Amino acid sequence: MKKNFHPKYELTTIECACGNKVEVHSTIKNLKVQICNKCHPFFTGKEKIVDEGGRVDKFQKKYAKK
């Protein structure tokens, strides 16, 4: 491999908005994410409605049978 060409592959901390921290190896030093497996509705079993009055709702209102 060429010297001084490849980025350093080092221990990285991924920090979630919920406070969960995971250590992995990566070329990025620190990474902050908004959602992880500890707080994602799919993994926790809690379903949250994120899209309130989005595109589907507008479509249904626009083309509703009168």
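Placement of Cβ uses the backbone N, Cα and C atoms for every residue, glycine included.
Sequence annotations record features per position, and here TrEMBL assigns Zn(2+) binding site to CYS16, CYS18, CYS36, CYS39.
The Cβ neighbour count for CYS36 (Zn(2+) binding site), using a 10 Å radius and every protein chain shown, is 17. Sequence-distant contacts of CYS39 (Zn(2+) binding site), defined by Cβ-Cβ distance under 8 angstroms and a gap of at least six in the same chain, are CYS16, ALA17, CYS18, ASN20. A 10 Å cutoff on Cβ-Cβ distances gives CYS18 (Zn(2+) binding site) a total of 12 other Cβ atoms nearby, all chains included. The Zn(2+) site is set by CYS16, CYS18, CYS36, CYS39; from the centre of their CB atoms, other residues of the chain with a CB within 8 Å are ALA17, GLY19, ASN20, VAL33, GLN34, ILE35, ASN37, LYS38, HIS40. Under DSSP, CYS18 (Zn(2+) binding site) is assigned to coil, being neither helix nor strand in the three-state scheme.
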